[in-house]
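As recorded in Swiss-Prot, the features of this protein are as follows:
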ACT_SITE  Cys253  active site, glycyl thioester intermediate
ACT_SITE  Cys435  active site, cysteine persulfide intermediate
BINDING   Gly98, Asp119, Ser126, Asn127, Leu128, His129, Arg130, Lys143, Asp187, Asn188  ATP binding site
BINDING   Cys236, Cys239, Cys315, Cys318  Zn(2+) binding site
COMPBIAS  39-54  compositional bias 'Polar residues'
DOMAIN    366-480  domain 'Rhodanese'
REGION    33-57  region 'Disordered'
Amino acid sequence: MEDLETRCASLRTEIAAAEAQLTKLKRELHEAEGAALRAQSQKTASANATTGQRTKSKWPLHGEEYRRYGRQMIVPQFGLQGQLKLRDAKVLIVGAGGLGCPAALYLAGAGVGTIGLVDGDTVEASNLHRQVLHRSRNVGKLKVDSAIEYLRELNPHPTYIAHQAHLTPREAPDIFKDYDLILDCTDNPATRYLISDTAVLLGKPLVSASALRTEGQLMVLNNPPQPPGDKTGGPCYRCVFPKPPPANSVTSCADGGILGPVVGTMGVLQASEAIKVLTSAGESVEATPPSLLIFSAYSSPQFRTIKLRSRRPNCAVCSAEATVTLESVRSGSMDYVFFCGTVDPADILSPEERISPSEYGNVDSAGAQRHIIDVREKVQFDICSLENSINIPMSTILASAYSAPTLDADEPKRLPSWLPPEVAHESNKPIYVVCRQGNDSQTVVRKLKELGLDHGGERPVVDIKGGFRSWREQVDPDWPDY
């Protein structure tokens, strides 16, 4: 029996080695074919430059290109002319994450001639479930480098340009000017306004998308890309959202979560819209009114479309009364961070109202009587929780209407519906509050004190600093890092 198991293990090892070698050979073949194609093009160009003559090819594409792109070229709405337009196109993708990865993947596969990627982040393990260009071995590598490595293996023909930094107002105009179309694949309002403003001022159409949890949105903006003041141009991001959302209402994927197929769907739709814009260049787009596409994975139907108005007559960027200029963008006088606002980490409690995770770990080890309240949402509480902790989600606390509890023994007890009676009445037990990162828990500590649960300071109501992120660092290294 042991001999058979050993033989099976040996065969699996040999098969894995053979598959790895085959993959390596296929990659080398693709690279060699791409190099040969580029060398032939350079040789022809050099010969033409030397003789002063232009050699006319029988066909507008190389043979390998017909084989690679043939299935999309026989689509009636696309055809040979569509392929030629893609080959000559230059697309800039801002953000090499959940949206940018699938968008870049399909645009590279379709044969877009030049693809630029802008991102200053590095690959993290938490990216891999949705950012499909990055692989486990590239954790820690710059995202643009990781993405281009994958794209070159997929299709060596396009030119790939890496912009290895976050987009800034000073650099944005100089980067954008060399491209025909911009894709906004970012996840924060300040960058979205910067991208839209720069695209409008440089006359570039923009495909913008977003995704969070199980929902996504998509818009094609500044299409057609007419100068500011021209009412026939497509609306910009400011036309749709003249004012940014309150900074404290903006939820990131890290905080709100995201399903990989949801953001993947939106990225693929961005690529589809980009191809439509690029292949219709020079043609009228009046027949396609601006709209907002909304995707909801758990709804039926999953897709809805909302018609958008044309350019706002008082838009700060694309109207005749525009106040935002390329110079104001470059110089920084248009402060996007100030315009959108920022949320600083919560620091609303005094040092006496907070303890470190390691200090609470000592309390836990000593077996002291206490209440530990976990204010994460239930879905997070179900992933991991401390023994004997009570889950009271922050959203439940904020959404509930209540009157302050009466703790006087001579009056009937009136408690908030979300507060367990034992927490209110077991005044001999201190209350410890914890959350994911140490911000929500501070708010809840303040709320519990407003309700009088600290009995005028006689009963400790304490926040655990840094939440479970710090708990993992200081107490339990095996705590799930999600």
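Think of each number as a place in line: the chain as shown, counted from 1.
Glycine is no exception: its Cβ is also placed from the backbone N, Cα and C atoms.
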By Cα-Cα distance, the member of recorded positions Gly98, Ser126, Arg130, Cys435 nearest Cys315 (Zn(2+) binding site): Gly98
From recorded positions Cys236, Cys239, Cys253, Cys318, Cys435, the one whose Cα lies nearest Gly98 (ATP binding site): Cys253
Fewest-neighbour residue among recorded positions, criterion Cβ within 10 Å, set Leu128, Asp187, Cys239, Cys315, Cys435: Leu128
Nearest of the recorded positions (Cys239, Cys253, Cys318, Cys435) to Ser126 (ATP binding site), judged by Cα-Cα distance: Cys253
Residues in the domain 'Rhodanese' (366-480) grouped by DSSP into helix, strand and remaining coil: 35 helix, 14 strand, 66 coil
Neighbouring C-beta atoms (10 Å sphere around the C-beta of Cys318 (Zn(2+) binding site)): 31
Cα separation, Asp187 (ATP binding site) to Cys239 (Zn(2+) binding site) (Å, whole number): 19
Of Cys236, Cys253, Cys318, Cys435, i.e. the recorded positions, those within 10 Å of Asp187 (ATP binding site) when Cα atoms are compared: Cys253
Chain-internal residues near Arg130 (ATP binding site), provided their CB is under 8 angstroms and they sit 6+ positions away: Gly97, Gly98, Cys101, Ile258, Leu259, Gly260, Val263, Gly264
Winner by Cβ contact number (other Cβ atoms within 10 Å) across the recorded positions Cys236, Cys253: Cys236
DSSP three-state assignment for Cys253 (active site, glycyl thioester intermediate): helix
Nearest recorded site to Cys253 (active site, glycyl thioester intermediate) by CA-CA distance, among recorded positions Leu128, Cys236, Cys318, Cys435: Leu128
